[in-house]
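Novice: Have a look at this one before I ask anything.
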Amino acid sequence: MSIELGHFALVLAFAIASVSAVVGLGFWKSGERIAGFLQQASILQFVLIGAAFAVLVQAFVLSDFSLALAVNHSHSDKPLLYRITGVWGNHEGSMLLWVLILVLFGAAVAAFGRQLPRDLLSLVLGMQSLLTAAFAGFTVFTSNPFERMNPAPLQGMDLNPVLQDIGLAIHPPLLYIGYVGFSVCFSFAIAALISGRIDAAWARWVRPWTLLSWVFLTLGISMGSYWAYYELGWGGWWFWDPVENASFMPWLAGTALLHSALVMEKRNAMKVWTVFLAIITFSLSLLGTFLVRSGILTSVHTFASDPTRGLVILTMLAILIGGAFSLFAFRASSLRQGGLFAPISREGSLILNNLFLATATGAILVGTLYPLVLDALTGRSISVGAPFFDLTFAAIMVPLLIVLPFGPFLAWKRGDLVAVTQRLAGAAGLALFVAILIFALSGASISLAPLGLLLGFWVGFGAIAELIDRARIGRLPFRESMRRLFGLPRTAWATAIAHLGVGVTVIGVVSVTAWETERVLTMNVGDVTEIAGYSIAFDGIQDVPGPNFVSEEGTFSVTAPDGGTRTAHPERRIYTASGQPTTEAAILTYGFSQVYMQLGEDGSGESHVVRLWYKPYVTLIWIGTLIMAAGGLLSLSYRRLRVGAPAKAARPGERTVPAE
Amino acid sequence: MKGLIAFLLALTLAIGPALAVNPDEILDDPVLESRARSISTNLRCLVCQNQSIDDSDAPLASDLRVLVRERLVEGDSDAQVLQFVVDRYGEFVLLRPVLGWHTILLWSAAPLILIAGGVAIFFGIRRRKAQPIPAAEGLTLSAEEEAALAALARNETPSDRAT
């Protein structure tokens with residue numbers, strides 16, 4: 001019964017969204033009543049989809065095997081967490097999660113957007129409803145999660161074992177919030193194009209949504225990368241898989257959008273470009289979510305896909321994205337340009353940032369789609385893999401990272417490059433010193449790794465130097481400069497922290513690339529081996545039963561160079577329901593570095609294949625992304641009060657929001 | 001410049017030795033083995049999805065790894081080994097596409113976008129400079145804004161902007 005209620009709620013939400021879309025986009029000039037209707041409809045959509053989603057979760061938790069989706073992707077022996085996460089570990093359920101987040105954002109705009117001009121609010125909510133109608137409709141008609149199975153089997157077929165991990169609880173929701181959050185920017189962009197009105201206030205409304213989405217997308221990608229690192233069992237953290245590229249492209253475009261919206265907000269320039277970026281970022285998000293499901297790209301992430309579904313998806317994407325760009329082509333010229341500046345200025349540096357980020361996005365897009373297009377046009381099949389992307393992406397990132405520290409130092413309108421260079425000389429010198437020192441102490445297997453390190457330290461120190469410079473540490477009395485430091489606007493801190501995160505990630509990438517060591521060997525119980533100064537003893541192996549798998553668990557003693565000993569348990573599991581094997585790596589963290597152990601196939605007799613890696617400073621890769629996200633959150637907290645800005649002129653006695 | 005290229009090449013190994021190589025496949029000669037590894041990262045496992053033969057534990061990938069090592073032991077150069085595999089399995093097997101007429105757009109995409117963007121920005125800024133600047137910042141007030149300003153000047157409350 002509750003399944004049918006969920007089903008009904010989903011269909012009803014689709015109907016309400018369809019009506020709202022027509023009303024919002026058709027009658028956006030009609031003022032308060034239409035806007036009020038759309039606000040309520042948006043919140044209602046969220047309540048309905050929320051109810052539908054709750055029903056699905058309940059069916060999975062209770063292992064209701066009259067629901068076809070639960071039969072195909074669940075099992076009553078699964079631990080509770082994986083019964084819940086199993087809801088979105090499949091195509092239909094993840095579609096519903098996607099739509100749930102979409103309506104959540106719609107409801108958030110309705111709730112926080114009270115201060116928006118009525119016509120803008122109506123257009124934005126109308127556009128969000130159109131998206132909801134499209135994707136809720138797609139879910140109902142081609143990917144219905146509420147289909148029953150009759151007669152109901154006694155047991156389900158279990159979730160893919162690789163997905164039975166805490167990663168599935170974290171990675172997809174974060175990623176989807178990031179993807180879908182950009183729909184708000186998209187709707188604002190479409191609203192600007194339709195109404196022909198765009199100004200600094202528009203940028204101020206869009207920026208919190210951009211920031212929020214960007215923070216979640218950063219976290220989502222980062223957590224996905226760490227999940228792949230420990231779960232796929234060979235210690236790689238980025239594979240340039242089409243799906244990874246698909247999530248990385250909106251991130252790059254979103255990063256560009258974040259920066260261009262800043263120029264627009266402060267200086268009223270780069271309007272047309274910002275609108276373009278808002279459209280392209282969400283289009284890439286859609287591509288990221290759906291291209292893979294259409295079945296035309298293959299990847300480890302691909303859910304089972306059927307041709308009808310693929311055709312419907314491609315048609316929808318073509319209409320939405322094509323429509324948005326047509327609108328852009330017709331209406332962009334009506335947007336007024338403003339804000340004059342010299343090439344050497346904060347604006348100029350942000351344009352350069354956008355140029356490189358857009359180039360990186362474009363290069364990855366071309367690389368991802370090129371084999372498809374070439375095959376369709378000429379019938380030749382080629383592969384475009386990691387070696388191509390590494391080379392291209394690095395070539396674009398190196399100049400971007402070199403110029404990155406200059407940006408925040410330059411003044412708006414007209415900057416002085418010579419003066420800025422002088423102020424950055426300290427950071428450059430320190431970065432050079434540290435890079436040379438590390439090289440002298442450790443040597444390098446790749447002779448140019450120190451250059452990469454130099455780049456990472458340059459970006460990191462450059463970010464810190466900006467704070468030091470603005471607080472005038474060393475030039476003013478200490479207490480005075482501390483007062484200045486903590487009195488700096490939160491945006492200055494946010495910029496410095498986010499840029500510091502970039503530097504930290506670069507250092508992690510370079511370290512693990514240049515200094516990683518690896519051993520593959522056959523070990524018998526009792527054998528001792530060594531990697532990067534860590535002594536590793538194979539103490540034994542035993543079979544351990546799990547809740548829904550049996551595990552062959554190795555026991556290893558790892559002795560660090562300083563003498564401390566820790567135990568590691570790499571596993572090989574066989575999941576009973578599907579018979580599918582997985583490997584669970586054992587990872588020991590020492591400082592920022594990790595020892596990564598994987599138990600391979602059984603050899604003859606008592607011997608086992610063991611794969612060992614020492615990954616120096618590898619955790620900095622993810623720590624850097626967390627620092628970036630923290631910078632974004634800090635900036636967002638500063639803007640919290642401005643989400644509905646500009647506030648109506650407060651009448652005397654009505655001032656409720658205290659200054660910070 | 002040479003340094004930069006070498007650095008970029010170094011970064012191309014960023015995916016790293018991520019391996020499913022088995023102990024019995026490893027060659028005794030460390031130089032040959034490391035050449036085998038770098039060749040393997042450029043060869044696609046044909047039965048997997050987007051994995052190099054170096055990453056994959058599929059039997060076919062293992063066969064290919066052994067084949068690469070056999071060719072190296074027989075004295076082939078890296079290019080000859082790659083050519084040997086391409087002759088057998090086709091161009092699809094190469095993860096780093098060759099530079100040819102059919103891939104010219106792929107390889108030139110990034111530089112083209114960068115140059116086109118740079119040119120667009122250059123002309124955009126020049127055109128902007130050439131424009132005469134009406135009033136401050138090129139903005140003029142709308143009639144409503146003029147009225148609101150006048151109202152302010154008369155020290156009245158401006159009408160609600162939402163209506």
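Cβ from N, Cα, C; glycine included.
Features from TrEMBL:
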- A:88-294: domain 'Cytochrome c assembly protein' (DOMAIN)
- A:314-638: domain 'Cytochrome c-type biogenesis protein CcmF C-terminal' (DOMAIN)
- A:6-28: transmembrane segment (TRANSMEM)
- A:40-61: transmembrane segment (TRANSMEM)
- A:95-113: transmembrane segment (TRANSMEM)
- A:120-141: transmembrane segment (TRANSMEM)
- A:174-194: transmembrane segment (TRANSMEM)
- A:206-228: transmembrane segment (TRANSMEM)
- A:248-265: transmembrane segment (TRANSMEM)
- A:272-291: transmembrane segment (TRANSMEM)
- A:393-412: transmembrane segment (TRANSMEM)
- A:424-446: transmembrane segment (TRANSMEM)
- A:452-471: transmembrane segment (TRANSMEM)
- A:492-515: transmembrane segment (TRANSMEM)
Novice: Take the transmembrane segment (A:174-194) and find every residue of the same chain, 6 or more past its ends, with a Cβ under 8 Å from one of its Cβ atoms.
Specialist: 25, 28, 94, 97-98, 101-102, 105, 108-109, 120, 123-125, 127-128, 131, 202, 205-206, 209-210, 212-221, 223-224, 247, 250-251, 254, 257, 275, 278-279, 281-283, 285, 288-289, 324, 327-328, 331-332, 335
Novice: The transmembrane segment (A:40-61) and the transmembrane segment (A:452-471): do they have three or more Cβ pairs under 8 Å, with pairs 6 or more apart in sequence?
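Specialist: Checked: the transmembrane segment (A:452-471) vs the transmembrane segment (A:40-61), no contact.
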Novice: Taking residues 6+ outside the transmembrane segment (A:206-228), which of them lie with a CB under 8 Å of any CB in it?
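Specialist: Answer is 105, 165, 167, 170-182, 184-185, 188-189, 236-239, 244, 247-248, 250-251, 254-255, 257-258, 261-262, 265, 274, 278, 621-622, 625-626, 628-629, 632-633, 635-636, 639-640, 642-643.
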Novice: What parts of the chain pack near the transmembrane segment (A:424-446), using Cβ distances under 8 Å and only residues at least 6 beyond its ends?
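Specialist: Residues packing against the transmembrane segment (A:424-446) from afar: 405-406, 409, 453-454, 457-458, 460-462, 464-465, 513-515.
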Novice: Given the transmembrane segment (A:393-412), which of the listed stretches A:40-61, A:120-141, A:248-265, A:272-291, A:492-515 has the most Cβ pairs that are under 8 Å apart from it?
Specialist: A:492-515
Novice: Taking the transmembrane segment (A:272-291) as the reference, which of A:40-61, A:120-141, A:248-265, A:492-515 gives the largest number of Cβ pairs under 8 angstroms?
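Specialist: Comparing A:40-61, A:120-141, A:248-265, A:492-515: A:248-265 has the most Cβ pairs near the transmembrane segment (A:272-291).
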Novice: In the predicted model, what is the mean pLDDT computed over the domain 'Cytochrome c-type biogenesis protein CcmF C-terminal' (A:314-638)?
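Specialist: Averaged over the domain 'Cytochrome c-type biogenesis protein CcmF C-terminal' (A:314-638), per-residue pLDDT gives 88.
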Novice: Using a Cβ cut-off of under 8 Å, list the residues of the same chain at least 6 residues beyond the transmembrane segment (A:248-265) that approach it.
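Specialist: Sequence-remote neighbours of the transmembrane segment (A:248-265) are 178-179, 182, 185, 200, 202-204, 206-207, 210-211, 213-214, 217-218, 221, 271, 273-274, 277-278, 280-282, 284-285, 287-288, 339, 346-347, 350-351, 353-354, 357-358, 360-361, 364-365, 368.
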Novice: Same-chain Cβ contacts of the transmembrane segment (A:492-515) under 8 Å, 6 or more residues past its ends?
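Specialist: Here the qualifying positions are 237, 401, 404-405, 408, 442, 444-446, 449, 452-453, 455-464, 466-467, 470, 592, 615-632, 634-635, 638.
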Novice: How about long-range neighbours of the transmembrane segment (A:120-141): same chain, 6 or more residues beyond its ends, C-beta under 8 Å?
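Specialist: Beyond its ends, the transmembrane segment (A:120-141) has Cβ neighbours at 10-11, 13-14, 16-18, 20-21, 23-28, 30, 34-35, 38-39, 41-42, 45, 49, 92, 95-96, 98-99, 102-103, 105-106, 109-110, 113, 183-184, 186-188, 190-191, 194-195, 197, 202, 205, 312-313, 316, 320.
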